[in-house]
């Protein structure tokens, strides 16, 4: 049990310094004993010790014992990165009755021993500098208290693909009211377009549709389709969200999905669900298993002949329907916006969009699907005949620095082999060739799937990225490539070429990212707070990531991450409140002139002007210090990193006499 905290700031600093060996990480390079003895001579240092692992229970107990017996009111631990163990040591000193913010970390591992392994003497001197600077700051530390904010027990899931569906179901099953916003007329995401899933070749819609139905019928889920998030204000526990629901021109409450309106509509248009290779009507139901099972009118094609209105017995057609603005308040947000397939038209050498029989992997998926535009038949777009020779090209839009996409999309190798196998199942006499750079069969059952492609199906693999695809007068295609295993240039003719396109962030993701205030990684996908320790969290508290929104992944990984995001989002909602760390910016209202420079620069929107001076919302502030550095009047300061504390560290670093 923690003892009652002391009134530390009015007392003379009594500092304890604890130098950690971190096994051989620090102790194998730095002379720990020399650093320990040096620290003991610094002003206000009462005790200086070393131990092999201070993060261990015995190490922490030693620190707590000294706090109680020696009356320490400041603690400095010289060890690894505060990103790893600062919470550990804060908790340690707090349990001994000391305010957790009267603790300072000196990083002797990442900032010293790991970067100076070849210079032990220099590393030891640098360790002394780092400890001296930490002690200088520790003298000026102030006790701080965390604040708490209440958390609304409702959640918002953005995106209706398999990741969004899993997240929403998990949260709803926990008892939380969950809003799901999907920009398309129906949920399903990309998984709904697939015929089979690798490596088990399960029917994609067979395993997805029951979950879609569960979403539509769940008492705790409010499904808002054909809609987009337009504004997000607030902070963890108290987000205010504005959603724009586009007009379907069909009343969802009245429509039964009977399809009568679709039958009588005289206007055809490209079917987006079939990737444009099939046609649908100007009034359409995206696919038979759609949730909600409701028609939508596309006004870009509708001629308002009113035949749909006349045939509808329930009067569900509403040609005068207007966009609807919906406002909700939620405690947490999960972003599961999925991906778009790379558009290969910029790869001019492959002729997509110019060569009739060059198609993408997703277009082939719709061909292979029994409910697709060709009723499951694989045909050449040029003449509708079955192809006798088919080539697949891997890594189109992936692992390609020339187009700014150096990352691996992680699913292309497997979905190409899956579709190659399905073609052989449908047309055993068809020759299938795969052009690849490397086969990345990393998942459970993937290597066996790869071997089956070679051994059972006799699919040919050529290692090399094709240089170009040429269209011949008879509309066959010549693929010119280097075979890197044979060390020669090859040219082979095919009836159809399928481009294995990679995954890219979906259209509109950048606008949504800015609306919510998230970061993105170099590949354009949304960035997690930490790739290993916080893979579903973001730097915006209360906002989480699921599925391909965070980066390319297959269906099992997307579902697993979705459940992880739901579990993380549930934590603050279960607790009903969250603790806000007090390392935030503060304003001296007597000095602030209300110039608003800080407002323009704050990346988290945490500052507003109230009564003529800046006011910081501590729930939004992340303590980045941007406003402090920019304030022209010096009115902004940051708790735990106050100007006088930083200056004390600088002076200690430059103090040659102390060295």
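Numbering starts at 1 and runs along the chain as it is shown here.
Cβ atoms are placed via backbone N, Cα and C, with glycine included.
Among the features that Swiss-Prot reports, FAD binding site is placed at 159-182. Positions annotated as domain '4Fe-4S ferredoxin-type 1' by Swiss-Prot, on the basis of sequence analysis: 245-275. Positions annotated as [4Fe-4S] cluster 1 binding site by Swiss-Prot, on the basis of sequence analysis: 255, 258, 261, 312. Under the heading [4Fe-4S] cluster 2 binding site, Swiss-Prot lists 265, 302, 305, 308. Positions annotated as domain '4Fe-4S ferredoxin-type 2' by Swiss-Prot, on the basis of sequence analysis: 293-322. Residues annotated as domain '4Fe-4S ferredoxin-type 3' in Swiss-Prot, with sequence analysis given as evidence: 582-611. The annotation [4Fe-4S] cluster 3 binding site is assigned in Swiss-Prot to 592, 595, 598, 631. As annotated by Swiss-Prot, [4Fe-4S] cluster 4 binding site applies to 602, 621, 624, 627, with the evidence given as sequence analysis.
Annotated features, which come from Swiss-Prot, shown on the structure.
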| residue | record | contacts (Cβ under 8 Å, 6+ apart) |
| --- | --- | --- |
| 159 | FAD binding site | 181, 182, 189, 335, 336, 337, 338, 546, 547, 549 |
| 168 | FAD binding site | 157, 178, 180, 215, 218, 221 |
| 255 | [4Fe-4S] cluster 1 binding site | 293, 294, 295, 314, 316 |
| 261 | [4Fe-4S] cluster 1 binding site | 250, 283, 295, 307, 308, 311, 312, 317 |
| 302 | [4Fe-4S] cluster 2 binding site | 249, 267, 282, 283 |
| 305 | [4Fe-4S] cluster 2 binding site | 266 |
| 592 | [4Fe-4S] cluster 3 binding site | 612, 613, 614, 633, 635, 636 |
| 602 | [4Fe-4S] cluster 4 binding site | 626, 627 |
| 624 | [4Fe-4S] cluster 4 binding site | 603, 604 |
Quiz prompt | Residue from 165, 171, 174, 258 whose C-alpha is spatially nearest that of residue 621 ([4Fe-4S] cluster 4 binding site), among the binding-site residues | solution = 171
Self-check item: Integer Å distance between the CA atoms belonging to residue 258 ([4Fe-4S] cluster 1 binding site) and residue 171 (FAD binding site)
Solution: 32
Exercise. Could you check which of the binding-site residues (258, 598, 631) sits closest to residue 174 (FAD binding site), going Cα to Cα?
Key: 258
Exercise. Name the one residue among 165, 177, 631 whose Cα is closest in three-dimensional space to that of residue 258 ([4Fe-4S] cluster 1 binding site); these are the binding-site residues.
Key: 165
Quiz item: Of the binding-site residues 162, 165, 177, 265, which one sits closest to residue 631 ([4Fe-4S] cluster 3 binding site) when you measure Cα to Cα?
Solution: 177
Exercise. Ten-angstrom check, please: count other Cβ atoms within 10 Å of the Cβ of residue 308 ([4Fe-4S] cluster 2 binding site), all chains counted.
Key: 25
Practice problem: Average the per-residue pLDDT over the domain '4Fe-4S ferredoxin-type 1' (245-275) and send me the rounded value. | Solution: 98
Practice problem: List the residues of the same chain that sit at least 6 positions away from residue 177 (FAD binding site) in sequence and have their Cβ under 8 Å from its Cβ, in sequence order, or write 'none'. | Solution: 153, 154, 155, 220, 222
Quiz item: Counting all other Cβ atoms within 10 Å across every protein chain shown, which of the binding-site residues 171, 258, 621 scores highest?
Solution: 171
Exercise. Please work out which residue of 165, 312 has the most C-beta neighbours within 10 angstroms of its C-beta, and give that one of the binding-site residues.
Key: 165
Exercise. Provide the three-state DSSP residue tally for the domain '4Fe-4S ferredoxin-type 3' (582-611): helix first, then strand, then coil.
Key: 5 helix, 7 strand, 18 coil
Quiz item: Around residue 174 (FAD binding site), how many other C-beta atoms are within 10 angstroms of its C-beta?
Solution: 17
Practice problem: Report the DSSP secondary-structure composition of the domain '4Fe-4S ferredoxin-type 1' (245-275) as helix, strand and coil residue counts. | Solution: 8 helix, 5 strand, 18 coil
Exercise. Drop a 10 Å sphere on every Cβ of the binding-site residues 180, 627 and tell me which sphere holds the fewest other Cβ atoms.
Key: 627
